[in-house]
Amino acid sequence: MTHEFDLLVIGAGSGGVRCARIAAGHGARVAVVESRHWGGTCVNLGCVPKKLMVQASEYGDMVEDSHAFGWNSTRGTHDWAKLIAAKDQEITRLNGIYVSMLEKAGITLLTGHARFENAHTVRIEPSPLAPTEAPRTVTAKHIVIATGSTPMKPDIPGAEHAITSDEAFHLPARPERVVIVGSGYIGIEFAGIFAGLGSKVDLVYRHELPLRGFDEDMRAAMKEAIHVRGITQHAPASPTQISKNGSTYTVTLNNGHTIETDCVFLATGRRPKIDSLGLETTGVKTAENGRIKVDSKRETSQPGIYAIGDVTDHLNLTPVAIAEGHNLADRLFGKERPRSWSLRTTPKAVFFSPPLASVGLSEAEAAQHGTVDIYFTRFTPMRHTLSGRKDRKTVMKLVVDQDSQKVVGAHILGDDAAEMMQGVAVAVTAELRKVDFDRTVGIHPTSAEELVTMRTRTRETPATR
Ligand code: NDP
């Protein structure tokens, strides 16, 4: 049977766009269908606007800190509407770049909501991006589901009064008081944004430490950094109810406490966007957590249908979706060996102020494989010896497998942690040993040089296997 396209990608986010472009570069006839916004979550409601808002939130302290360096500047007030407008203008520019990039690659752009009719046929119907477009049906030999994820709210009374990250990017005004629930990436990052811009922030999370899944020492360091930023932490605690009283809200916690606020923000995870895709007309199966099950080649249980990015149960990070999309397109249409990535050592960053970045294993994970040597340092970075923010510490940790002396994990909380971690991730991916760090000359004066000057082991952690 001949199909109209060799490849149809559903969803023009980071992973889908990379998959489509690489496939088209290999000579495939490719179409991309998008229902909402070109560039997907990362560009429109995720990484890009978030990072711009994090940067906005850091200027107030920087102006204050500049006094110690001789500047006669005043902190002033922040214009929320101006920030949102500037951010939206940049996103519109990026939307245009995505469209022109796809067009230049010879890809057919389809706007509307895609719904499977069978494993090779998709019906495209009007959607917010194309409300008046006539419905059409397309067929493709290979179809990639790259529809991403959407915020999820817990099932508690009054949850409808709360916003999620989707709305946080377009609030008409900055709330003076905000309660944020959840201490994953989104909860921590937005707590930092609102606190930096001047809001009173209450952060509610259900364990003693934030950021479940990260190294314990770094979680403790983050808890301290959140405190230093002036954010009130309610932990361990969970909301049981949200009630609205005029223009304010009351959040009731399971420890009996209540918090009055102007805005409740639920940052309690995301779910895959697969609801109205018509997957029941195909053999695509989902896992218990609702995400699409894929094999190591990103193929679903239906031959010819693939899934990449946040709809799958793999690590949900933009660069991972991009790597998956690229690799898949190479495998389906390329003539040479597909480009591959070491997803085992995917670096991660939480853009709080200061940020936390990690690569490889935590101390507890590494100890499951054998005894580990820990190198740990905590110091005041040079800028803050003058700024007076002596409590704004940098924390660094190297996790070294004792037998092989390979550095299997690196963790940094401190200014520029994410920028530093990208280079360290190369070393950890290359399985370099502690001696390779030791023979690397530092750059002075930087915080990063500490990574190559931690000569004395802080402690040994016995194997737990
Ligand atoms: P996460 O899964 O990271 O965090 C969710 C948080 O909500 C956790 O603290 C979780 O607690 C808590 N939670 C979940 N359900 C409830 C509940 N019913 N009551 C109380 N608390 C609850 O999700 P996010 O929304 O922060 O982010 C989604 C994903 O997006 C991330 O996993 C990440 O992959 C990606 N992302 C990446 C970013 C980056 O790379 N910088 C930035 C933003 C998002 P518990 O730990 O107990 O489960």
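Glycine is no exception: its Cβ is also placed from the backbone N, Cα and C atoms.
Per TrEMBL, NAD(+) is bound by G182, S183, G184, Y185, I186, G187, I188, E189; the candidate from G96, G269, G278 named for the same site is G269. Per TrEMBL, the residue from C19, C47 that shares a disulphide bond with C42 is C47. Under the DSSP three-state reduction, S149 (FAD binding site) is assigned to strand. C47 (disulfide bond) sits 13 Å from G148 (FAD binding site), taking the C-alpha atoms as the reference points. Once the Cα atoms of K51, T147, G148, S149, D310, the listed binders of FAD, are compared pairwise, the greatest separation found is 22 Å.
With respect to Cβ neighbours within 10 Å, the recorded positions C42, C47, H444 differ, and H444 shows the lowest count. With DSSP classes pooled into helix, strand and coil, the tally for the domain 'Pyridine nucleotide-disulphide oxidoreductase dimerisation' (346-454) is 34 helix, 33 strand, 42 coil. T147 (FAD binding site) and C42 (disulfide bond) have their C-alpha atoms 12 Å apart, to the nearest angstrom. The binding-site residues under consideration are K51, S149. Their Cβ neighbour counts within 10 Å are lowest for K51.
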